[in-house]
């Protein structure tokens, strides 16, 4: 394509710049062939004339269209060159805050110098399983690609991470390993992935240090091989290290530090275990203070030491070894402080008793004398003799430092070896992924041996990288069948030959090291003589003879020869090593035990060991031993060769880390430094190779979708491939600019930009046409509006004039009417005033006359009342006088008669005859009376003893009553005193009356004054009224304000209440979610247990015979945790025997499992023995308790009899005391008849009498109760003697009648099957044993009958005891009430007694009503049973009549056909089954049931109804064992079928519905009032009667939660592949979004190909889920919860992918998402599920789509976004704005200023910083009670279920 077509006006180009490397400019004039100057307009507004090179006349690089800027893949750019790459990286890094970018197969990672929230577990889960091009660039995407290729291609992988120091290599490698550890997991028992990650802090502490470029710079290279097994689980790892920088141990430049471990030690000196190391702060040691900055900002060395020690422990390095490591490190620090002094110019010495050397020797276990001697001396060997020569101070210091470096290198190698041992696995490695973290290309002002080796390694890696890129390009071309043309690329083999070939730099260096007098200068001369002017890559500096220059692939580097030989030799004083080898410190000896061995190329890291042979003095070193000493350069070359072989045998993945600036500023981009690193790391070479061929590649579908606007309708054919070919031939004339492959179109560089230009021109022309039409339409609309407005104005003006005239006429007429009514009003008002005055005068006059008449009547009435009372008083006085006189006369008459009678009796008594008559028979009577007196005396003595005891017990009560009596007497005395006070009060009243008269006179004078004052005050009141009105107005205003404030406060309180309610709901949901998560974890552990059990069953060849004993007393909780029914065990054992012939397990695992099985069997046996022992103890304890209970029962009865006697005596004594009180009160009353208070004493006497009568009644009740208890005791004794034989006989009769003896015997035989007894020991047939077993079972049954009878008796006794207690309480209450009544006044006593009586009668009535209700219920129940029995008897009678018909009659007499109606059987809604049919029931109803047939043909929840009906029958029989086994088998079988078919949504939904229905049935028929109120009367009759299954309801609820979570997981697995494709990638609205150009890392096409999922696929799947659940009869509330969870998953997955895909964040994609969400909402409306909360779960996705579409420029837009996106976090909002990418050139990017404005406004939000939504989150589920309307008695059993063994009852 001609340049004149591209370099036109407004075209943008890149021109070189000194500061920014490249600067953007715009052409202001078209370029024409032959022009030497380009007229440019820079972005800062300046004009520039750019001169072209007259020789090459190369035009400047063209700039890519804006829509291609910020692409994920640099190869997607149309123009591939250095400025385009640099600008794209800068835009992504600065504007979008994206640190990762693809460049073909390379991932470019820019260090942000800031912690970013993009490495969490949620991000790992998001990238797991995704294709590399589907998501935004990330280190996790590279790791996932390596992991997938390893599994797919079964080829080892490697990830090569390179870059400068400080570019982030170590962090990238660390995150890659973390990804593998998280995704793959571990297959062994130990957490290998944790160990792999734990090696990082160890290697960082001993191998990383702070430099001027990086605070955590790796000073060594490492290659970690992460091993995987056949299932691709991590099983171990191995680490190889390269070229440790040992010189850092003894020297650090300014602002740098030594290795981190030294500062961690110095920061942990306060720990007690480090006291012996005698360390101090880092500033006190020479080796740690040279950098003069020992602190790193934000790093706590003590905390890092804790992390390092934990990592050591996790890797198996115990505490003693750790202390040893720290001891060696501390010794190195002390050795650096050893001061060497000059003795003379050729010798030196160390002062004696040097503290640091002493500590060094103590820590290292060597002698002070030897070490101090050999630090200042060296041994020289000749052919015949050995000399010891002193060395000067400088050499001694160098020797000391060399020893320190050597010890540290040895320790480093030892730690690496032990880390590898800890990471080594015994399991065979199937494949591995290697992670290479190696230094990048380095060039400094002074470059030495280390930089030479580093750059040599990078030359080798760059060569391997170039070959791999070239190979991939060739494979792509051959795959698409495009002609392959050789692409020229840079080959750095000459540079590698210069370094490593024969007579190369390394070869000459090794040769010089072998020379006796070799030096750096002689080696430099050899280099000049060999390579100068012979190799173009080798140069000599102009001003130096001790340096050389090598042209590397990245840049020229000048190396200083000084120190090359010494570093290559790596020599250490041999005698110093001998001293260390003689140490008593075991770890030190272990470090140096392999010193004299030859190091192989595959050995430990190079540069880390000293290669000296320690020989005796007289031994002559052989030539071969010298040759075996490998130099550092040779070791490094061999190790590098091994590394390259490893990498070539794997599939490499490249990560190039870029350092954006040298000042560690976050998100600051330095173009110069970036370009330098891009050139050095090979990224630009990759771009150049891609640009040399066909870099832009489109599929035919993508090309057609993007450039459909350039085609005419006639060009569009059915074959899209042919359509693309025809159109492209018309658009691009040069056929060399593109190639057609099998599936893609390949374009040369710049062609996509040209096509984009054509597309933009076409769209621009279309826009102009649309604008023209729209503007015409708008102008016409404006004209029509103006015309309509003019007509409207005219109409309104005319109307206004007419209205004005009408208004004038109306006003004139209204004035006349107003005058008329005004005159009428004035006259009427005058008349009314006169009328009111007349009425007022009449009213006053009539009122005066009425008051006068009323006063007269009142005076007359009061006079009559006075007369009445006076006459009555006079009559009473006359009556009393008459009565007293009559009584006095009666007394006189009676006294006279009595005197006469007494006189007559005295005369008779004096006569002798009378005396004799009286004494006749007196002697006999005296004798009789004497005997009687003796007997009475005996009785009196016994009674006196008894009375004395009772008197003592009741003394206190008597004292209390006496005290109460004294208090009453005191109250009486107080009343008398009050009476005396009355007289004084009367005197006071007279005095007050006199004062009142005086006051009245004063009142008259005051009233006169008040009249005058009143007139004065009226004026003041009027003024106050005015002020009051003002105050009222103010008050009203204040009231209004108060009301408003009250409303505001009420609203605030309402809001606060709502927030509190919402918070409580959230807390409840969190608790419910936490509980359900625990259930999920429990289910996972249960499945793990089942898997382990299956593995154990595989290891055991043949199970032992016999039946495992099961305790029959398991509770419901135990059945919850016991998940093995007999049926399940039989199936599992059979499956274990079938699978035992599968592939053999690993022998070690087999032995471990076998050992574990043995331990479990022993533990089981011990627990069985313990259980038997506990049962025996329980039996003995129960027998002992029975005896104690009988004894205690007798003692209790005796105690009760004594208590009754005491109660009786108490009542007698109280009666006696009350009689005495009554007599005393009566006497007092008689003595003071007229005294005040005498009526109160009468009332008190009446109450005492009534209490006495009530006590007599209570006494009779107690006597009756006593007699009843005595009779019951006798009956009980008789019953105990008679119960046993009767019970035995009755039980035997019942068993024989029911046929249960055999069944009981078989049940006992099954449950108590211990080791099978040998029947032959008894007799041949075993009959005696059978008889014995039957007798035992019979004895057990009879014993249970006895226990039940005993329990009944105990219940009766307890009831009687309760009644007795209530009697006592009633008696005490009566006594308390009596005492309280004595304290009350008379009126209150009467009221209290009445209230008490009313309360007592009310309670009795309530009790009687309850008893009546119970009896009514019993009567109704008996009536129903009677009806049932009557029906059965009727049926039996009918059957008996039929049987009584004779055979002859049936044969001879013909029977006419008569229709006999059959009565419907009254079923009770129960199903009867035999115990042995339980397994068959579970198998047919659960394990082998097909949900589809049941859901379509039968009623929903039928299995649940059947199981509950069987359960009801077991409850009806009161068989707890049957209930327990049925429920346990049901739960276990449901779990088993779900484990087997857990991936089938239909099965899981079916059993979720039936489990919930079964749970609802247990609630509905539990008999609890809360559930029974929803039932019909018939359903309430079917409630469970014997068992409370509340615990099993909880177990079933937990099971339902587990099934629900399994349903959600199954549903998620089905929906997961559809969501991203259907919600994001598929174009539901065709043509809205255009496809952008893609690079080598292909993303998933947004065009729906065949087999891809669309939104319709999601809706169809949702319909399928919904219809399936409805068919299964799932509760509507549960369906709503499932739908809500479905929509949450859809929204979360869609939003997470949107946040991780830059290509999806555009305006058109927002429209697609909103349309898709509207379709989902329409689905909810169709299903009537809008209220289930599902729509709210999509709110974050809706707001993200709106955010893509809203305007994003001004502050108002920012405010609108902040208020709109309340469901999105700040991180998500900023991420979407950063990722927003225009698809067309008419869209604009979001500016950085706008994003910062958003961040500022959202700064105060309190929210989680998490970027992605948790797709694994499951809302807590609830199961609201949903009663069934199905009547159990109407349910029929279909024959298809094969349940014929069930019988309806």
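Glycine residues also receive a Cβ, built from the backbone N, Cα and C atoms like all the rest.
Note on TrEMBL: of 992-1028, 1029-1065, 1066-1102, 1103-1139, the range annotated with the feature region 'Disordered' is 1103-1139. Of all ranges given (902-945, 946-989, 1166-1209), TrEMBL attaches the label region 'Disordered' to 1166-1209. Annotated by TrEMBL as region 'Actin-binding', the relevant range among 640-662, 663-685, 686-708, 709-731 is 640-662.
Ranges compared are 563-595, 596-628, 761-793, and TrEMBL records region 'Disordered' for 596-628. Mean model confidence of the domain 'Dilute' (1528-1804) amounts to 86 (pLDDT, 0 to 100 scale). Taking each of the binding-site residues 165, 170 in turn and counting other Cβ atoms within 10 Å of its Cβ gives the largest count for 170. The residues near the ATP site, meaning same-chain residues not in 163, 164, 165, 166, 167, 168, 169, 170 whose C-beta sits within 8 angstroms of the mean position of the site's C-beta atoms, are 111, 214, 217, 218, 440, 657, 659, in sequence order.
Each residue in the domain 'Myosin N-terminal SH3-like' (8-60) gets a DSSP state, and the totals come to 0 helix, 24 strand, 29 coil. With a 10 A radius on its CB, residue 169 (ATP binding site) counts 27 other CB atoms from all the protein chains. Listed in sequence order, the residues of the same chain lying 6 or more apart from residue 167 (ATP binding site) and placing their CB within less than 8 Å of its CB are 109, 111, 214, 440, 657, 658, 659, 677. Just so you know, the Cβ of residue 168 (ATP binding site) picks up 25 other Cβ atoms within 10 Å once every protein chain is counted.
The highest number of surrounding Cβ atoms within 10 Å, among the binding-site residues 163, 166, is found at 163.
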